[in-house]
């Protein structure tokens, strides 16, 4: 049996999971943090609750990869490098170019780097991870799995913005979405849990974490999603504003004395959302829920819930119906009250949540009542498994 490693490389981190394929068993997983900084943190979890952790300076991603592979051998998790038969890499932006996962060639890598303008915080880091593994394991197949690929099935009327069409034709200015690998996994898993072909289902998937997005999945294909040209659009998030009137930017820039539009975008990305609405209290939903006695925190919570309901309601219209609503990611999987508050405001189209079934954290469950016309599901996301599956598919 082959071993496949799924990689999520950040600018100063490397998150990974090692799978025994094709039986999809997680052999080990871990993260390298603070790459390029002093006191990098190197962690491997394996076996029956065993953990290896060391703090050491790690200069770059290639050093991190070499250290990871050597330590997997030292811990007898790998016998040699040769046991790894595939490496899958998360890549945030694939633009219109990549409609599916793809084997990474030099040409593909160049295109990934060229698409960095669509994801300047992510694609360059993803490319660093790819280069590091290809240098150390040059003969092993590498596969890029794009966050945006799942959304390339959106019809034109759902991905175009109402600006001059030439901006799309010249500059590819359009909605791309994000979290596609997560939405793909949980929609497929929901269909399996319901025992119905995904081709026959209309599903709304709610990926609710510090970043959050809602997707309409019709017959297994994404037909609309809340994130846009970048992951800044859509619902209210931990630190991101979600949808705002574009005219707000120049107005606030004038009031704040800003001259660089990127400074304003940074505020919308990093200082807004729940964090901004609570005057800097927190971007963490757990902190929000424990401070609902504060009026501004209650309002922030209400806005968070309201925006999600609005997107769900609009996607019922987009698909002319819905069979199931799925909750996933950190908030979606663990915040019992958030799920209840979202659904309690949407009983008008046949959603009924079962309070006992909903009292669950981080595990698969059908949480709707037996009489609910719309099935409600909790499905923990597993983007790493989807990456490993795509590597197997493309070998």
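Glycine residues also receive a Cβ, built from the backbone N, Cα and C atoms like all the rest.
Lifted from Swiss-Prot, the feature list:
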ACT_SITE  147  active site, proton donor/acceptor
BINDING   8, 383  Mg(2+) binding site
BINDING   15, 207, 208, 209, 210, 211, 284, 285, 286, 330, 331, 332, 333, 334  ATP binding site
BINDING   90  substrate binding site
SITE      179  site 'Transition state stabilizer'
SITE      240  site 'Transition state stabilizer'
Spatial neighbours of residue 240 (site 'Transition state stabilizer') among the binding-site residues 8, 210, 383 [C-alpha, 10 Å]: 210
Among 8, 147, 210, which are recorded as recorded positions, the nearest neighbour of residue 179 (site 'Transition state stabilizer') by Cα: 147
Inter-residue Cα distance where the pair is residue 208 (ATP binding site) and residue 383 (Mg(2+) binding site), in Å: 14
Alpha-carbon spacing, residue 286 (ATP binding site) to residue 8 (Mg(2+) binding site), which is rounded to whole Å: 25
Inter-residue Cα distance where the pair is the residue listed as 'active site, proton donor/acceptor' and residue 331 (ATP binding site), in Å: 20
Recorded positions (147, 284, 333, 383), the one with most neighbouring Cβ atoms at 10 Å: 147
Pairwise Cα distance for residue 8 (Mg(2+) binding site)/residue 15 (ATP binding site) [Å, integer]: 5
Candidate nearest the residue listed as 'substrate binding site' in space, where candidates are the recorded positions 15, 147, 208, 284, 333 and distance is Cα-Cα: 147
Protein Cβ atoms within 10 Å of residue 15 (ATP binding site), excluding its own: 18
